[in-house]
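Feature list (source: TrEMBL):
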type     : residues                       : note
SIGNAL   : B:1-21                         : signal peptide
DOMAIN   : B:58-145                       : domain 'Cytochrome c'
BINDING  : B:C74, B:C77, B:H78, B:C112    : heme c 1 binding site
DOMAIN   : B:160-250                      : domain 'Cytochrome c'
BINDING  : B:C175, B:C178, B:H179, B:C220 : heme c 2 binding site
BINDING  : B:R216                         : substrate binding site
ACT_SITE : B:C220                         : active site, cysteine persulfide intermediate
Amino acid sequence: MHEDPLRVHGGLVGRRQFFRVGITGLLVISLPHRALARPSLDEAIRSFTGGANVLDGRVRLDLPPLVENGNAVGIAVVAESPMTEDDHVRRIAVFNEKNPEANVAVFHLGPRSGRATVSTRIRLATSQVVVAVAEMSDGSFWSSRASAIVTLAACIEDLS
Amino acid sequence: MHALWRLAAVSAATICGIVSAAGIEDGEKRSGFDFMTPETQALQADDMSNPGMLWVLQGEQLWQQAEGRADVACAGCHDNASRTMRGVAARYPAFEAARGRPIDLAGRINSCRAERQQAEALAPESDALLALTAYVAHQSRGMPITPATDPRLAPFRDNGRRLFQSRIGQLDLSCASCHDDNWGKRLGGSVIPQAHPTGYPLYRLEWQTVGSLQRRLRNCMVGVRAEPFAFGAPELVDLELHLTERARGLLVETPAVRP
Amino acid sequence: MARALVNVPKAAKQGEVVEIKAMIAHPMETGYRVSPNGSNIPRDIIRRFACTYSGEEVFSADLFPAVSANPFIAFTLIATTSGTIEFTWTDDAGTAQTASAMITVS
């Protein structure tokens, strides 16, 4: 199959591909600027850990599997740690997969916390994966992931 | 995405449209609380995590605050709300002789502001009005809804029932089409509750704030593609009258939490 | 008038781990929503939450728009001495709101 080549951004693309590029371009233009800047889940975690290896375990993320309304989803994170001066959780960070921004919250704990546990309520724009990462005082990182199905309300309010 | 859900809602609603106006048997009467997930129930049950309590707290502060040209606080006349306001929300709306028609709790607060405090009326859905209403209604938490028996209310309550059963909007649905005849079934992902106003003003997760029963009623009207009555419209108060009669015996939950 | 609800046990034994809950009225406007007239609703969130115990910071959190409106945070602390536990919420504009509670440790 032969297509007339068109020059786009210095590269040669077929007409069909050009059409695709065009549509993507329109979509890109219509998206809010900041949405484009969203790092992936893994990128967000990497920027928190500074690229350090993240191990599975020692931390548990509780997230309801089925969510009635994504505007307020209760989550709890518990990490296994004696929470002593020598061995404690420094930070617990929570990330999401599909919201406009990957970060949810970063909690700063220490030996005076007594236990490594935090809970809060978060927004989930749609069904997705949520990850909790705990940074220990020895510099190691541990994570737990969970996913939730978010249903949308049947009767949404017309703001106009 | 929303458009898809709306489509689903429309088709579900069409199925719901085959109706009779039987109402709900007394033994089957259930608060919207019972239809929620355990997580949302827990949110309401713990006062330290129920966001509606933030408005109750604000209401408690406003109750003590002198207002208007009369420079008098609610507490100046009504003293300790936990005593004087206990049970009030359970019997509202009440008949107001001066206007010759029923008035709801928020309306009463505003008329008190105008007449006793000589202050400006608080705007519908303003935090201050919701807070005061929530604070007053909270004093009746746990008490059964016992609508006022004033015979002068009867024609307005009848009008409320008529409105509840009247098909409206482009979807040609009445309140009863869903909440009398199809409660417990699903509309999209949501369970259709029986629509008992047990916990207003309440914190709705969809709103991310506290709202009044009138806001909820207007929401439903928009949902069936009808032109909603304005805040404070007599029709909305008449509907409130019918709804409280319909919910008779259920316990006041203010501030409730709903999805 | 800060609208905040904080839950700190009134009394605790020394060394006991106590649960703390803190919630404040705030829209946590994400900056991604559009108003009915089509304009963007500007971002307005609580960016930082901190808890001090007798003046020393013992817990804090950096919050992002994915935290729900009227943010709620629960965590634990070791009861050490009788004193004041103070909470500070700071928004995008740098405005801080505070609440506090006393704890008696025996």
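Just so it is clear, glycine is given a Cβ too, placed from its N, Cα and C backbone atoms.
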For B:C175 (heme c 2 binding site), the one of B:C74, B:C77, B:C112 that lies nearest, given that the binding-site residues are compared by Cα
B:C112
Counts of helix, strand and coil residues, the domain 'Cytochrome c' (B:58-145), according to DSSP:
44 helix, 9 strand, 35 coil
Who sits close to B:H78 (heme c 1 binding site): which same-chain residues at least 6 apart have their Cβ under 8 Å from its Cβ?
B:T84, B:M85
Largest C-alpha distance in Å for the heme c 2 site residues B:C175, B:C178, B:H179, B:C220, as a whole number, is 11
Could you check the binding-site residues B:C74, B:C77, B:C112, B:C175, B:C220 and say which one's CB has the fewest neighbouring CB atoms inside 10 Å?
B:C77
Near chain A at Cβ under 8 Å, of the listed binding-site residues B:C175, B:C178, B:C220, we get B:C220
Counting every protein chain shown, other Cβ atoms within 10 Å of the Cβ of B:H179 (heme c 2 binding site) number 21
Check: same-chain CB within 8 A of heme c 1 site center, minus B:C74, B:C77, B:H78, B:C112:
B:V72, B:A73, B:A75, B:G76, B:R116
Grouping DSSP H, G, I as helix and E, B as strand, the residues of the domain 'Cytochrome c' (B:160-250) number 35 helix, 12 strand, 44 coil
Using C-alpha atoms, which one of the binding-site residues B:C178, B:H179, B:R216, B:C220 comes nearest to B:C77 (heme c 1 binding site)?
B:R216
Calculate the distance in Å between the alpha carbons (Cα) of B:C74 (heme c 1 binding site) and B:H179 (heme c 2 binding site), and round it to a whole number.
37
Taking only the Cα atoms, work out how far B:C220 (heme c 2 binding site) lies from B:C112 (heme c 1 binding site), in Å, as a whole number.
29
